[in-house]
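The active site, for sulfotransferase activity feature in TrEMBL is assigned to Lys16. Look at TrEMBL and you will find Lys16, Gly17, Gly18, Thr19, Arg20, Arg99, Ser107, Tyr207, Lys222, Gly223, Arg224, Pro225, His226 tagged as 3'-phosphoadenylyl sulfate binding site. Residues annotated as disulfide bond in TrEMBL: Cys208-Cys217. Residues or ranges marked as domain 'Sulfotransferase' in TrEMBL: 7-245.
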Amino acid sequence: GTSRQIPQTIIIGVRKGGTRALLEMLDIHPNIVVAPTEVHFFDWDENYVKGIDWYRSLMPFSYGNQITIEKTPGYFTSPQAPERIHDMNSSIKLLLILRDPTERVISDYTQVYYNRVESHKPVQLFEDIVIKNGALNTKYKAIQRSLYDVHMEKWLKHFSLDQIHIVDGNTLIKDPLPELQKVERFLNLPSRIMSSNFYFNQTKGFYCIRSDGRERCLHESKGRPHPLVNNTVLEQLYSYFREHNAKFYRMVNHSFDWH
């Protein structure tokens, strides 16, 4: 009685915002099934040309009362993804998880840093990438990805605000349940995720998941320590994002506790 369904909900981003944590926490819900890997269907042309049947073939089997969710953080910053998703299903519900944009930049750098170290490639200090000739390097991809207002504008050309639910990534890590209950309501699902589904792991410094009689934490690559960043550089980043954040708050009629 199961079949593969095109997702009724997509986690569209943002990279290093907490998309994996959100997906794994939602996977607790009996009415949700999740795609195990990032599909990159709507943002990578070489996948998009394979067509919708190829996309469906990558989804898990589900029952009629279950919602299929996939997550690809690259969708949020992709110029093509909003229109392509709209063409597939104009009434789809989208989940967007965001965190403080400066923290997100540092986390983005941290992931690339560790990947380069593991591949024995040369690495640069955070400050040497973010500052060029004494000024903020606003062309740095990690900074571009944190301009939430710029990317949101593209999504709001194709979707109404009530189709996009924003999850506060900073809150999800500190206190997951309230954020997940908001998602349950947004998706019109019965309330099934409970506080007993989470326990705080002192070693890792964040919540792990307890469901179906087993416990699991996020992959060891999650929650890696960030480098200590020079205060002057931090202030430059905060200052640069301030106006973009204010514009974003106005766009979504909601403000966040960001610098």
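We number each residue from 1, going along the chain as drawn.
Just so you know, glycine gets a Cβ as well, placed from its N, Cα and C.
TrEMBL does not curate its annotations; it predicts them automatically.
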- Of the binding-site residues listed here (Gly18, Arg20, Arg224), which is spatially closest to Cys217 (disulfide bond) when Cα positions are compared? Arg20
- How far is it from Arg224 (3'-phosphoadenylyl sulfate binding site) to Lys16 (active site, for sulfotransferase activity), counting Cα to Cα, in Å? 12
- Note on the structure: If you tally other C-beta atoms within 10 angstroms for each of the recorded positions Lys16, Arg20, Arg224, His226, the top scorer is Lys16
- Item | Intrachain C-beta neighbours of Gly18 (3'-phosphoadenylyl sulfate binding site), sequence separation six or more, cut-off 8 angstroms | Ile97, Arg99, Val167, Gly169, Leu172, Ile173
- Message: Test of understanding: give the count of other CB atoms lying within 10 angstroms of the CB of Ser107 (3'-phosphoadenylyl sulfate binding site).
- Response: 22
- Pop the mean pLDDT for the domain 'Sulfotransferase' (7-245) in here, whole number is fine. 95
- Lys16, Arg20, Ser107, His226 filtered to the recorded positions whose C-alpha is within 10 Å of Cys208 (disulfide bond): none
